[in-house]
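Enquirer: For reference, the structure I am asking about is given below.
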Amino acid sequence: MAPEERADAARLLRGFERRFLAARALRSFPWQSLEEKLRDSSGSELLLDILQKTVKHPLCVKHPPSVKYSRSFLSELIRKHEAVHTEPLDELYQALAEVLTAEDPTHCHRSYLLPSGDSVTLCESTAIVSHGTTGLVTWNAALYLAEWAVENPAVFAHRMVLELGSGAGLTGLAICKTCRPRAYIFSDCHSHVLEQLRGNVLLNGFSLEPSIDTWAQHPGPHTPEAERPWVTVARLDWDTVTAPQLAAFQPDVVLAADVLYCPETVLSLVGVLRKLSTCRKDQRAPDAYIAFTVRNPETCQLFTTELGQAGIPWEEVPCHDQKLFPYEEHSEMAILKLTL
């Protein structure tokens, strides 16, 4: 195989690997490129490589995606092979047979590869809305914010980070694994989200402190040289939290991703941001970064209007260069930096 062909094959394999590990929509896979490769060669070796990068990947074996998803993926892979080659590939049918007999649980796993070679694995609900909340799955803006964070580790290095509406935990876990924060506080308000969030923190190898009080009592060992940040998960209801409760966190950086669902959440979020602006003992306001997908321009406009009325200046963060995670490429997303 010529060097250019090897490079093309490697890109194709990476495309399948990243999308399958993250359980992205099948329509987003590079099927057309695969069909071209299959027409130009016997294809058996390439398909076996794809199997090893997807359903046979060590991460998927240990933390499997949805059975339904694996079944659909393998069925599509077999269709592409059969459309070009009449000779069946036993390994494909064997892999499909294994998932056809498996039960599909209510939870599945998604994994995201980091530039360091490490990965973030999340256990998520198989339903977009489960237990009355959308916080049990990872949304596009969380991936977008995590990508930006990985490119800008200095924003978080050796600092205390508070994330509002952490959901499944993707953004925070990526930051904890790549940006060396001093401490990271995941927060949400829904009991099922908090339970899943704690599980994902542990799943990714972090110890979980019981509360912020343990940090206040024993901050010493968590020095900038520490390899692992101090991590906790906190229940934080934007509508009822008080300024003294927020002051206990003493954040240097505040984050939120995909939390602009409706006008009510916008008003609640701005209320929390106003309280956070005066929460630090040294009177230095934390840096704040809010990422969102532009689903409803009116809701986004309401957010910036409310920020203005609250006296919180903002600026849009320039788009980052590197796309690390697979998400909807046609989604319009933005990150605002707020001056609290």
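Every residue gets a Cβ built from N, Cα and C, even glycine.
OK, Swiss-Prot features for this one:
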BINDING   TRP139, GLY165, SER166, GLY167, TRP238, ALA257  S-adenosyl-L-methionine binding site
MOD_RES   MET1  N-acetylmethionine
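Could you tell me the structural context for the features on the list?
Expert: If you draw a 10 Å sphere around the CB of SER166 (S-adenosyl-L-methionine binding site), it holds 30 other CB atoms from the protein chains shown.
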Enquirer: Which ones in the same chain are close to TRP139 (S-adenosyl-L-methionine binding site), with CB under 8 Å and 6+ residues apart in sequence?
Expert: GLY167, ALA257, ASP258, THR293
Enquirer: Please report the three-state DSSP label of TRP139 (S-adenosyl-L-methionine binding site).
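Expert: The residue in question, TRP139 (S-adenosyl-L-methionine binding site), is coil (DSSP, three-state).
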Enquirer: Given the S-adenosyl-L-methionine binding site residues TRP139, GLY165, SER166, GLY167, TRP238, ALA257 in the record, what is the largest Cα to Cα distance, rounded to whole Å?
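Expert: Maximum Cα-Cα distance: 20 Å.
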